[in-house]
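Summarising the annotation, Swiss-Prot assigns signal peptide to 1-27. According to Swiss-Prot, the feature region 'Disordered' maps to 40-107. Per Swiss-Prot, compositional bias 'Basic and acidic residues' is recorded for 49-64. Sequence annotations record features per position, and here Swiss-Prot assigns domain 'Collagen-like' to 53-112. What Swiss-Prot records for 155-271 is domain 'C-type lectin'. Under the heading disulfide bond, Swiss-Prot lists Cys176-Cys270, Cys248-Cys262, citing sequence analysis as support. The N-linked glycosylation site annotation in Swiss-Prot covers Asn258, and the record cites sequence analysis as its basis.
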Amino acid sequence: MNGFASLLRRNQFILLVLFLLQIQSLGLDIDSRPTAEVCATHTISPGPKGDDGEKGDPGEEGKHGKVGRMGPKGIKGELGDMGDQGNIGKTGPIGKKGDKGEKGLLGIPGEKGKAGTVCDCGRYRKFVGQLDISIARLKTSMKFVKNVIAGIRETEEKFYYIVQEEKNYRESLTHCRIRGGMLAMPKDEAANTLIADYVAKSGFFRVFIGVNDLEREGQYMFTDNTPLQNYSNWNEGEPSDPYGHEDCVEMLSSGRWNDTECHLTMYFVCEFIKKKK
């Protein structure tokens, strides 16, 4: 009987516990009031700010932004290497007919001809040969006179004239010397201005003048071996000679000087000293 009563009380306790758990799960307290009503009278405030978290991993690369404004012009770079030779340009217009050239060299002897009639021509052959030489010299002199008549410039001490035959620098030197002059040497501003005006009014762009550094690289001299001590009129940035081949000098129609390659051909100016009376 006692054992049955003990079992009954235990079962009642278990049922009471289950009942209380059921009430709690339904949101009711012991007084059968909804839990929500109890919580509604209390204000839930946020807690204090937590510590900074660890730095996260880098995000993905963003999209490209808009192109910015163009920056200022940079400093001029160093001179680059010489490029490959360009393509051959279009053929230029046909120039005006030039003067008749000088007599060329003798050709290869031809085949022996047939025997001719007997003639006592020995005394004439020497005369004919000398006549041919005289005619060749006369043609050369006439060409020189023609150039001089076309226009000269002069100062109190010198004559200047433009030779309108394209020659390289050494040929120009020889041409002037054979005729008793030299390539023009503008040793002061007055002479330089006179020659430049002469070139410009003749309709030319550039001519050889008597200045070079053929004897010693970088040390420019007049053709009479005097240095450029008192006067020179180099163009801006000249003499440049980036590859070591520009040893001769040209004058532009502006009067400025440029160093240039000696093998180029162009017109040139000779100067002659006036004979004292």
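Each residue, glycine too, has its Cβ placed from N, Cα and C.
Overlay of Swiss-Prot annotations on the structure.
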residue: Cys176; record: disulfide bond; contacts (Cβ under 8 Å, 6+ apart): Val163, Met182, Leu183, Phe268, Cys270, Glu271
residue: Cys248; record: disulfide bond; contacts (Cβ under 8 Å, 6+ apart): Tyr169, Phe208, Val211, Asn212, Leu214, Asp259, Thr260, Glu261, Cys262
residue: Asn258; record: N-linked glycosylation site; contacts (Cβ under 8 Å, 6+ apart): Arg206, Trp234, Asn235, Glu238, Pro239, Val249, Glu250, Leu252
Residues in the region 'Disordered' (40-107) grouped by DSSP into helix, strand and remaining coil: 1 helix, 0 strand, 67 coil
Those disulfide-bonded residues listed as Cys262, Cys270, and which of them has the most Cβ atoms within 10 Å of its own Cβ: Cys270
The domain 'Collagen-like' (53-112) [mean pLDDT, rounded to integer]: 81
Where Cys270 (disulfide bond) sits in the secondary structure, as DSSP reduces it to three classes: strand
